[in-house]
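Below is one structure; the comments refer to it alone.
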Amino acid sequence: MEDKLIIAVANVPVLYDCTLFTYRDLNRRNQAWREVAETVGETDNVCKKRWKSLRDRFRKEKNMEKEAKRSGAGSAGGYKPWRFMAVMGFLTPFIIDRETSSNVPRQTLPPSTLVAEEESQVDSESASQSTSQSASSSQPGGEC
């Protein structure tokens, strides 16, 4: 049933493409669900519920795939793609991540303070390197 449903919905963009003007037309979408239900051989309510489940799973799988590819993620985990990922790939342009927010305030330093700190770190590092080089060159034999 899932294969038929996915293919039937893919052929009716008004059900998933929110950029279409007709997407806002509830009557048009209900008519499209009735057509999909006829194709699949189920009721439109069953098709809607099953489609929502498939769409949500696709979104979760996309996020898991993104996490598996993230830098530093271990490849030993062995991410196995969901069997409908390729078939439902037509949804990828229409899945939009929501903006996230945090309850932790973001603290940023003024640019002048940040530059001054970096310069002082560089100066102290170069001074310590030159001191250690002069001390090691004055001793015979180099390292202890």
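The backbone N, Cα and C atoms fix where each Cβ goes, and this holds for glycine too.
TrEMBL labels come from automatic prediction, so no person has curated them.
Look at TrEMBL and you will find 61-70 tagged as compositional bias 'Basic and acidic residues'.
Here TrEMBL flags 101-111 as compositional bias 'Polar residues'.
According to TrEMBL, the compositional bias 'Low complexity' annotation covers 123-144.
For 4-96, the entry in TrEMBL reads domain 'MADF'.
What TrEMBL lists as region 'Disordered' is 61-80 (among others).
Annotated region 'Disordered' per TrEMBL: 101-144 (among others), in sequence order.
Applying DSSP to the compositional bias 'Basic and acidic residues' (61-70) sorts its residues as follows: 9 helix, 0 strand, 1 coil.
Mapped onto DSSP classes, the domain 'MADF' (4-96) shows 66 helix, 0 strand, 27 coil.
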